[in-house]
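Participant: Swiss-Prot feature annotations, pasted as is:
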- 104-287: domain 'ATP-grasp' (DOMAIN)
- 141, 178, 179, 187, 211, 212, 213: ATP binding site (BINDING)
- 248, 260: Mn(2+) 1 binding site (BINDING)
- 248, 260: Mg(2+) 1 binding site (BINDING)
- 260, 262: Mn(2+) 2 binding site (BINDING)
- 260, 262: Mg(2+) 2 binding site (BINDING)
C-alpha cells in the first residue's frame, strides 16, 4: 500500500514512528510538506502537484496538519479526497475539531459531559459570562489555541474581566469555561483508533501550571480509565467523525468532562507512557479500511 502523509516536519517522533510502522508492514509512506503541495482545480480532473510534479498513485493519506496552516492544509486534503484517496481523518471532521466552539456545540448536542462553557462577542458582557460558568475562577481560552497556548486561569472577577477585555481588544475569539478544581492540574488523554480506545495516559502539569500539556513541561503516566471515560472518548470520536483522535478529559465531581478532541494527536508521550505500538495500530487500521473512493462525511454539524 502506498500512503502519503501531509506534514511539515519529518523529524517529529510521531511522523518517524508512522513511517517506521508502515515500512515494517511492507507499505511505503511518503512525507509530503503540506505547504509545497499545489492544488490544481479543473472540471473532472482534480490534481495535486508537489514540487512541480503531479501526485498520483496513493491509496491513503494521513493528515498531520499544523494549526497555523489549517485552512491551507484542509484545502490540500480535500483535493486528495476529491481524487479518491482515502483519508485517515476527513477534512470536514478536522475542520470541526479545530474550532473549539463548534466542537463543544456538537458534543453538547449528543449529551457528552462538558465543563460549563460560555461564548460572547461583547467585552461588556464579561461579568455575565463569568457568572454563567459559576466563576470566578474561570479558564479563558483562545478558540484557535493549541498545546496550551492562549489558555489563562483567572482567579478573580477583576482579573477575568481584564483578560477577556484584552483578548477581545486584540480581536480574537475566546471561550470562558468553569475551572474544574477537583482535577488537580491533571487530565486524561484517551487515544481512539477506529472507534476503540487503544491507549490512555494521565498528564500532570508542571509545577505551578494548571495546564497539563506535555509541550508545557507536563509529565505522563499509564492510567486505567473507567468504563464511563472509555465510553465518553469513543462517543466523542464518533460524533466528531474522527477515525483517529486524542480525547482530553478531566475527572470532575459529576463524571468525565471533555476539554478537547484533538484530530492530530502526538504519539510520543502516550507511546512512552503506555509502551504500546500505537503507530502500528494506526497503520493496521489504514490497511484494513483504505479503499479508493471510499470518502464520505461522518459526524454532524
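The backbone N, Cα and C atoms fix where each Cβ goes, glycine too.
Can you tell me where each of these features sits in this structure?
Facilitator: The Cβ neighbour count for residue 179 (ATP binding site), using a 10 Å radius and every protein chain shown, is 19.
Other C-beta atoms found within 10 angstroms of the C-beta of residue 248 (Mn(2+) 1 binding site) number 21, with every protein chain shown included.
When Cβ atoms from all protein chains are considered, those within 10 Å of residue 260 (Mn(2+) 1 binding site) total 20, not counting its own.
Its Cβ placed at the centre, residue 262 (Mn(2+) 2 binding site) has 19 other Cβ atoms within 10 Å. In three-state terms derived from DSSP, residue 262 (Mn(2+) 2 binding site) belongs to an extended strand segment.
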Participant: Could you say whether, by DSSP, residue 187 (ATP binding site) belongs to a helix, a strand or a coil region?
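Facilitator: Where residue 187 (ATP binding site) sits, the three-state DSSP reduction gives strand.
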Participant: Please tell me which one of the binding-site residues listed here (248, 260, 262) sits closest to residue 141 (ATP binding site), measuring Cα to Cα?
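Facilitator: Nearest by Cα distance to residue 141 (ATP binding site): 260.
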Participant: Taking the Cβ of residue 141 (ATP binding site) as the centre, count every other Cβ atom within 10 Å, in any protein chain shown.
Facilitator: 23
